[in-house]
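*Asks:* Submitted below is the structure of interest, expressed as structure tokens.
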Amino acid sequence: MVMVFYGSNGKSNPVSMENKVEHQTENQITYDIHLPSDLGMLYKVRLGLQSLANNVSQLSLRHFKIQNTSTLDTFSLTINKTLPLSPDGDRWIEFPIQWPLKEALSVVTYHLRVFSRNIWNERNLVHMTACVYGTHGDTGDRSLLQSLQNVQQGEKNESFLVIVDAVDLGELEKIVLLISSKTDCKLDIKKLHVQEAAKEHPIYVFEVNEEFSVNANSPEIQREIPASFVIRGEKQMNDTDNKLNKEGSQVKNWAEYTIKVYTGDKRGAGTDANVHIILFGNEDKSEVFQLSQSLEHQNPFERGKVDTFKIKTKKLGNLRSIEIGHDGKGF
């Protein structure tokens, strides 16, 4: 069993539970832990199993208590969980630490969806973990292939859902992938989506678009993937309009753009996915806009059609480039 402690100034290395205090009551173990002083105020703990000796290794946790021996500040929490959380599932749990007079973060269930071309076929040969980083810390390495859920297979792509419980990460910033394999294979990963299970938005999109060649003799592959963009939802344009109305005299600092999208006339050229656009200028870049309200058609992006959209954003200067893409939903 190991623990990782997070403080306002950083996090600890994994701490092995080895320094047991001699006097123990039944079903209770006490450890002395010496943490670096530069961690600052502790705000969360990750507790788990570093490795599983076999498929039946389990750890039943009932209660957790931590006390600062200098200040005697004490935090306690009833857990009542058994690790791993499912037969092939997560080996870690996280919980916030609430000190006296300090507001604690909440535990959030995140949905991490992986879009790929061939992971489903290779799932028994490949070991892949993801560590999601945000402004409030990270999730640690969580397995992506142990318990696949909500698998969706299309003509060219597939996706599957991974559920991760973690203390609120804040604004998501990057994902670090670790990939290894028992045999030679290629893994084609397109992108990853992360969002809170209880909310439709925001959706953090991490573009990968890479084919990984892995084999048993090669070292573990590591990729750091920064957030590509954030889908904030269809209210963006209304929120921008409201902001413009409130700011009144500052309207001169905003600009309106007309966007025409010409969908190709080949078979399968259209899409039912949610399309977004970002404009980049020499002075600034726009937020992410959903292109959902076409001035011509109720159902935009049909084959051989032209759709017009109007957006309002801050002044960007001379336009240099755009990013346009979709979330892969629908046909």
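Using N, Cα and C of the backbone, Cβ positions are placed for all residues, glycine too.
TrEMBL lists these features:
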type: DOMAIN; residues: 108-226; note: domain 'PLAT'
type: DOMAIN; residues: 255-331; note: domain 'PLAT'
*Asks:* Averaging the per-residue pLDDT over the domain 'PLAT' (255-331), what integer do you get?
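*Replies:* Taking every residue of the domain 'PLAT' (255-331) together, the mean pLDDT is 88.
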*Asks:* Could you count the residues of the domain 'PLAT' (255-331) that DSSP puts in helix, in strand and in coil?
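*Replies:* Final tally across the stretch: 0 helix, 35 strand, 42 coil.
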*Asks:* Helix, strand, coil: count each for the residues of the domain 'PLAT' (108-226), based on DSSP.
*Replies:* 4 helix, 77 strand, 38 coil
